[in-house]
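Participant: I'd like to ask you about the structure that follows.
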Amino acid sequence: MGDVNEIGSYPGTPRPASAAATPPISAPPSQFHSPSLTRSPLLSADDHIQPATTKTSKNVTPRIRTPRFITPLGSPIRRALKLTRLDPHDAWLPITESRNGNAYYAAFHTLCSGIGIQALVLPVAFTILGWSWGIIALTLAFIWQLYTLYLLVQLHESTETGMRYSRYLQLCGAAFGERLTKWLAMFPIMYLSAGTCVTLVIIGAQSCQLFFDTICGGTCSAQPPTTVEWYLIFTSAAVLLSQLPNLNSIAGVSLVGAITALGYCTLIWVVSLAEGRMPGVSYNPVRGRTEVIRNFDVLNALGIIAFAFRGHNLILEIQATMPSDEKHPSRVPMWKGVKVAYTLVAMCLFPLAIVGYWAYGQMIPADGGMLTALFAFHGQDTSEFILGLTSLFVIISGLSSFQIYAMPTFDDMESLYVKKKKKASPWWLRAMFRAFFGYIVFFVAVAIPFLASFAGLVGGISLPVTLAYPCFMWLKIKKPKVFGLKWWLNWSLGLLGMALSGILIAASLFVIIDRGVEVSFFNP
């Protein structure tokens with residue numbers, strides 16, 4: 001390209017002939033603001049944008065219209081003529097290659113990722129905390145995590161730098177630095193992605209077996225698959241569904257997953273309510289042998305409640321699928337979608353916890369929670385249609401949730417190829433990556449089928465991602481007034497979240513050691 005025209009002030013000011021030319025300006029592509037489903041590359045480091053050459057008089061400065069795609073977020077950057085260079089690989093990666101999302105897509109993805117099988121064990125926490133403290137703890141946790149969700153939505157795009165942080169780890173890196181991010185956030189984020197997929201395979205395979213037994217019962221002459229074969233069937237279905245190319249392309253899958261999650265949660269608590277309380281039900285909180293055990297039991301119960309709220313590690317990724325500019329920032333439709341999604345989440349979690357504890361009390365099974373209780377206590381007096389439909393909804397919801405939780409891992413795997421080859425992954429390599437991840441998850445699920453027994457421990461490990469890190473990132477990036485209300489609020493919540501995480505991890509380990517876990521490697 002030719003030299004860039006010099007931009008002067010009006011009226012024109014004479015310049016010496018030896019003045020250096022203004023350096024070329026780099027800018028993000030139009031796909032950033034006018035997204036499409038194409039996979040064309042972004043501007044490379046050697047690309048430049050220059051205005052068209054126009055003939056002007058000596059006293060008139062040529063006016064150059066700024067293209068819409070020049071500034072991500074607008075006026076502060078445009079006034080300073082400082083343009084942000086985006087990662088040129090984003091147009092080729094599954095999370096960011098399509099930016100045509102909207103509030104509906106955000107609601108579908110957020111609801112599908114925010115509610116799941118972990119909600120069914122909430123009554124187990126009530127057996128330790130009792131009615132009053134159980135409801136108080138659940139309410140406070142819900143408000144706290146909704147506040148940190150709001151912080152993440154606001155932090156996704158910066159009006160100061162024009163950057164969009166499209167992944168949770170990117171935002172952590174901007175706030176804490178790359179080295180500290182690897183220590184603080186890498187493992188919890190990896191677990192919340194891959195570990196959740198392992199749990200979904202375990203629960204999904206068990207639900208497949210329940211569905212088969214419910215529909216066939218003693219009438220089928222066919223030999224039912226073994227437990228490992230059910231694991232393989234569920235994993236193969238998940239791998240097949242994972243071939244959809246990017247996060248926006250699975251919006252329909254997330255919608256189906258959200259509907260089925262709402263369906264089985266509602267069916268379970270409605271059936272439990274209709275059947276009434278179990279004979280001899282007791283609401284006296286479980287008490288340990290010693291004061292230390294009792295305290296650790298309480299903390300483990302808090303970990304179970306924390307584990308019920310998930311999906312914060314995916315919020316930035318979901319918001320990255322939306323277009324954004326200075327007039328229509330992505331945080332507006334994203335927050336609308338989040339509010340709708342979490343209204344529905346609350347309509348599931350609170351009835352499940354309250355009705356489940358009311359119906360079963362101390363009899364609620366620790367392994368499987370409400371789903372296990374439904375089949376154990378009402379399997380004979382509930383219609384096969386309701387039982388089969390509940391199992392089917394759990395299976396479909398698990399397959400849908402697998403897609404959105406695996407997407408960050410797919411994104412990481414493809415980024416290795418994209419950064420090395422400077423081009424998009426071919427379809428066959430993308431299929432191989434996703435099949436490889438799916439069957440690695442299958443292997444881990446078969447090897448460690450008791451992973452779901454560590455709900456309290458997992459809740460403690462992942463708690464900072466949900467309740468603490470967003471507060472610290474807000475303080476670091478937004479820099480609120482020192483000793484102001486927002487300053488005190490975020491410091492208090494961040495420090496309390498970190499302290500709770502450490503205490504919950506210790507308490508969960510103590511409970512596991514004290515009570516033991518039935519370990520059965522490679523024996524699901």
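All residue numbers here begin at 1 and follow the chain in the order shown.
Using the three backbone atoms N, Cα and C, a Cβ is placed for every residue, glycine included.
Just so you know, TrEMBL annotations never went through curation; they're auto-generated.
TrEMBL lists these features:
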- 1-37: region 'Disordered' (REGION)
- 11-30: compositional bias 'Low complexity' (COMPBIAS)
- 100-507: domain 'Amino acid transporter transmembrane' (DOMAIN)
- 103-125: transmembrane segment (TRANSMEM)
- 131-153: transmembrane segment (TRANSMEM)
- 183-205: transmembrane segment (TRANSMEM)
- 250-271: transmembrane segment (TRANSMEM)
- 340-360: transmembrane segment (TRANSMEM)
- 385-406: transmembrane segment (TRANSMEM)
- 427-448: transmembrane segment (TRANSMEM)
- 454-475: transmembrane segment (TRANSMEM)
- 487-513: transmembrane segment (TRANSMEM)
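Relative to the rest of the structure, where do these features sit?
Facilitator: Sequence-distant contacts of the transmembrane segment (250-271), counting only residues of its own chain at least 6 positions beyond either end whose CB sits under 8 Å from a CB of the stretch, comprise 101, 104-105, 107-109, 111-113, 115-116, 119-120, 241, 244, 341, 344, 348, 351-352, 355-356, 370-371, 374, 378, 382, 386, 389-390, 392-394, 396-397, 399-401, 403-404, 407.
Tertiary proximity for the transmembrane segment (340-360) is limited to same-chain residues at least six positions away from its ends with a CB under 8 Å from its CB atoms, namely 103, 106-107, 110-111, 114-115, 119-120, 122-123, 125-127, 131, 134-135, 138, 142, 146, 149, 258, 261-262, 265-266, 268-269, 272-273, 275-278, 281, 283, 308, 369-370, 373, 377.
Long-range neighbours of the transmembrane segment (454-475) within the same chain, counting only residues 6 or more positions beyond its ends whose Cβ lies under 8 Å from a Cβ of the stretch, are 118, 121, 144-145, 148-149, 151-152, 154-155, 168, 171-172, 175-176, 184-185, 187-189, 191-192, 195, 300-310, 312-313, 486-487, 489-491, 493-498, 500-505, 507-509, 511-512, 517.
Residues 144, 147-148, 151, 293, 295-300, 302-303, 306, 453-454, 456-457, 459-461, 463-464, 466-469, 471-472, 474-475, 480-481 of the same chain sit 6 or more residues outside the transmembrane segment (487-513) yet have a Cβ under 8 Å from a Cβ within it.
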Participant: Most CB pairs under 8 Å with the transmembrane segment (103-125): which of 131-153, 385-406, 427-448?
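Facilitator: Highest pair count goes to 385-406.
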Participant: Please report, as numbers and ranges, the same-chain residues at least 6 past the borders of the transmembrane segment (131-153) whose CB is under 8 Å from any CB of it.
Facilitator: 122, 125, 168, 171, 283, 301-302, 305-306, 308-309, 312, 315-316, 319, 331, 334-335, 338, 342, 346, 349-350, 353-354, 357, 466-467, 470-471, 473-474, 490, 493
Participant: Please report, as numbers and ranges, the same-chain residues at least 6 past the borders of the transmembrane segment (427-448) whose CB is under 8 Å from any CB of it.
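Facilitator: Same-chain contacts beyond the ends: 194, 197-198, 201-202, 205, 228, 231-232, 235-236, 238-239, 242-243, 245, 406, 409-410, 413-414, 417, 521-522, 524.
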